[in-house]
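Q: Submitted below is the structure of interest, expressed as structure tokens.
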């Protein structure tokens with residue numbers, strides 16, 4: 001008999017059997033780590049603390065993180081989400097999202113006398129600092145990322161005269177530089193590690209003296225979640241990724257699962273998005289979630305799968321995350 005542990009999910013239990021074993025009964029492989037990263041946790045708590053301290057409304061420029069459930073929950077608590085600072089009443093409180101903003105946004109907020117609380121992920125801030133540093137040294141900066149993504153817009157805004165966006169492998173051939181001795185690549189933090197390295201390889205073939213960033217720009221959580229998916233995907237006929245469609249790191253997890261051997265992979269916002277037809281003939285389902293997804297949504301998916309007979313849950317653990325980021329100074333408790 002397979003040892004199990006109660007998960008608090010009706011009809012489901014955790015099995016200690018290794019991934020390599022293939023039980024005949026239906027099962028779920030549950031990726032660990034998954035869900036909230038340190039930057040998302042900090043950003044969501046920033047809005048919650050701002051509401052507690054100042055009361056509603058607290059304005060938030062763009063979605064604080066790319067997850068519908070999180071945004072809807074905060075909106076019900078009194079957060080008001082806007083696209084630009086011009087929509088915020090003069091003198092009001094505004095929170096900048098985890099994805100970061102360009103310097104022009106800070107200027108606009110100052111001109112409107114807004115009380116800014118910056119929830120930019122510290123790992124995104126690191127990339128901003130790198131962009132400014134290399135721009136000061138007059139480098140051409142090749143920013144690998146997705147056009148229009150808030151994080152890319154913010155990073156490019158730090159050095160608009162020096163940054164060129166490289167959006168995918170096919171964009172490499174369009175890149176031009178002024179001095180092949182002064183070229184560096186930076187990246188959006190939520191990309192596929194494998195695709196990014198493929199792009200870097202092609203860039204380096206064109207520009208042999210291409211410099212790497214001082215440290216890895218793709219965040220630890222993005223990498224960890226992709227590694228966990230790669231570990232379980234070969235065992236899965238189906239992988240379900242919990243996350244919103246505008247979440248870059250969640251979309252990448254679907255791609256990684258398919259690339260690592262899963263027969264099918266789907267992105268769902270919550271359990272009701274699961275199509276029962278996906279489960280036809282499926283014995284093993286992999287489950288993971290993007291870095292902006294609260295665990296309650298994963299629990300809902302596991303409950304739905306348990307109702308469909310997937311009552312054994314086997315964790316697939318590839319890393320243990322302990323990183324915590326301090327809240328913005330304006331919201332820290334006095335010591």
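Yeah, the Cβs are placed from backbone N, Cα and C, and that goes for glycine too.
Owing to the predicted nature of the structure, the values given are computational and were not obtained by experimental measurement.
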Q: Which one of 128, 149 goes with 66, 99, 247, 248, 249, 292 at the isopentenyl diphosphate site, as Swiss-Prot has it?
A: 149
Q: Among 121, 308, which is the one Swiss-Prot gives for the [4Fe-4S] cluster site where 37, 219 also bind?
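A: So, going by the record in Swiss-Prot, that would be 121.
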Q: Express the distance between the Cα positions of residue 249 (dimethylallyl diphosphate binding site) and residue 121 ([4Fe-4S] cluster binding site) as a whole number of Å.
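A: Here the two Cα atoms lie 14 Å apart.
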Q: Would you mind sorting out which of 37, 99, 189, 219, 247, 292 (the binding-site residues) have a C-alpha within 10 A of the one on residue 151 (active site, proton donor)?
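A: Qualifying among 37, 99, 189, 219, 247, 292: 99, 189.
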Q: To the nearest whole angstrom, state the Cα distance for the pair residue 189 ((2E)-4-hydroxy-3-methylbut-2-enyl diphosphate binding site) and residue 219 ([4Fe-4S] cluster binding site).
A: 5
Q: For the binding-site residues listed here (66, 99, 149), which one has the lowest count of neighbouring CB atoms within 10 Å of its own CB?
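A: Per-residue Cβ counts within 10 Å for the binding-site residues 66, 99, 149 bottom out at 149.
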Q: So among 37, 121, 219, all listed as binding-site residues, which is physically nearest to residue 292 (dimethylallyl diphosphate binding site)? Use the C-alpha atoms.
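A: Spatially nearest to residue 292 (dimethylallyl diphosphate binding site) by Cα position is 37.
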Q: For each of the binding-site residues (37, 121, 219), count the other CB atoms lying within 10 A of its CB, then report the residue with the highest count.
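A: Result for the most crowded candidate: 37.
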